[in-house]
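K.L.:
Annotation comment: Swiss-Prot describes 188 as active site, proton donor/acceptor. Residues or ranges marked as active site by Swiss-Prot on the basis of sequence analysis: 318. The feature substrate binding site is assigned by Swiss-Prot to 98-100, 129-132, 139-141, 187, 319, 324-326. Residues or ranges marked as site 'Important for catalytic activity' in Swiss-Prot (evidence: sequence analysis): 331.
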């Protein structure tokens, strides 16, 4: 593409492609920050465009922006929101920490689309100006934090929570299906007293149920938006009614109650709300990683591991060992959880690094946040569909381990005491005999008493 359009800004002239929709500040960012490939997430761009649309409507309503200009900005914003012009937002996240260059990228693209709608030529900002008209009543310092919160809320509600709720249901269904299957428990990776497979799976269901609650509750933190605070939180150059009107419109568009922050100084100077919400994603990752590790252990084998669960065979597992099948979905979701936990560290460091009236680590913070939501959403969907739904019990293996377990001796403790019960277990283990044989050899109780007292079905509490 030939570089044959000249634009001027407050620093000087800038050359850029003739037909591109962005302007000088975007082009300068392309030149100055040619760093890696991490582009600004489109979810954030979408939220920024929503804000521009709402700002134009409010400014028009308050008689702060000429109707003709406002309508052109609104129309241009609607076209972008419909899915057009996605390639007009080329900037990477490694830019100014306030997100100013991305805010200006959006301003310039909307301005040029609006200019064209009004019959002008790209770059003729006397018709529609990126700052004076598209960015009216706004600052990057309140717009970018607002877009962060909007994109975060929508990604959680539309992507993560629906997939997480489906996974929770799958575990609930399995817990009911497996409620009559008695198996041996394990603590410290050693044999323990029995429980049902349904009870074991119910703990996974309950973990997800609690995590869903944590995430839903935390969304309230990011439902407050900074819009109207402008540069440092005072609301300079914004109408006193602007923030409330804009919040109301954003709520209507997104079918979510966004409220104007009561203290915009805090909203601009910190990323505490995003940090808080992402901590729930870290917590979720810790829970899912525990669940996936349990499934990996329980399905290990098929002959020399635990092998109590049978997982779907999705693909060959080895390039050298024929017939091998690996728990690949568990491995995939575990890696995702590791990444989210790492993202949480980066977000936390970014959050504590804001100085005075503005946090300037925002592009990195929101990139990591949205990446966490995206990979968790996709990973959970895949884990559920390709693994969890297809999990089956290996009844033969489960019965074998239950029969051989030494920890069934625990049921004798109330009747013969801890020390004698321990002697039975040790003798059975050392001589490779059954608990019953060891008990009779030590002459602690009769065979009939043993059969009455050592019954796994009486050791599992409420199996429902």
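Including glycine, each Cβ sits where the backbone N, Cα and C put it.
Fair warning: this is a prediction, and the values are worked out from it, not measured in the lab.
Quick one: how deep are these features, and who are their neighbours?
P.N.:
DSSP assigns residue 188 (active site, proton donor/acceptor) to coil, not to a helix or a strand.
Proximity of residue 318 (active site) to non-local residues of its own chain (separation of 6 or more, Cβ distance below 8 Å) is seen for 324, 326, given in sequence order.
Reduced to three states, the DSSP call for residue 140 (substrate binding site) is helix.
A C-beta separation below 8 Å, combined with a sequence spacing of at least six in one chain, links residue 331 (site 'Important for catalytic activity') to 292, 296. DSSP gives residue 331 (site 'Important for catalytic activity') a helix state.
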K.L.:
Look up residue 132 (substrate binding site) in the DSSP assignment and reduce it to helix, strand or coil.
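P.N.:
Looking at the DSSP assignment, residue 132 (substrate binding site) belongs to a helix.
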K.L.:
Can you tell me the three-state DSSP label for residue 324 (substrate binding site)?
P.N.:
coil
K.L.:
For the C-alpha pair, I'd like the distance in angstrom between residue 140 (substrate binding site) and residue 188 (active site, proton donor/acceptor), rounded off.
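P.N.:
Cα-Cα distance, residue 140 (substrate binding site) to residue 188 (active site, proton donor/acceptor): 53 Å.
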K.L.:
With every protein chain in view, what's the tally of Cβ atoms within 10 Å of the Cβ of residue 326 (substrate binding site), excluding that atom itself?
P.N.:
17
K.L.:
Looking at the recorded positions 188, 324, which one has the fewest other Cβ atoms within 10 Å of its own Cβ?
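P.N.:
Ranked by other Cβ atoms within 10 Å, the recorded positions 188, 324 bottom out at 188.
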K.L.:
Give the distance between the Cα atoms of residue 98 (substrate binding site) and residue 188 (active site, proton donor/acceptor), rounded to the nearest whole Å.
P.N.:
48
K.L.:
I'd like the Cβ neighbour count for residue 100 (substrate binding site), meaning other Cβ atoms within 10 Å of its Cβ, all protein chains included.
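P.N.:
I count 20 other Cβ atoms within 10 Å of it.
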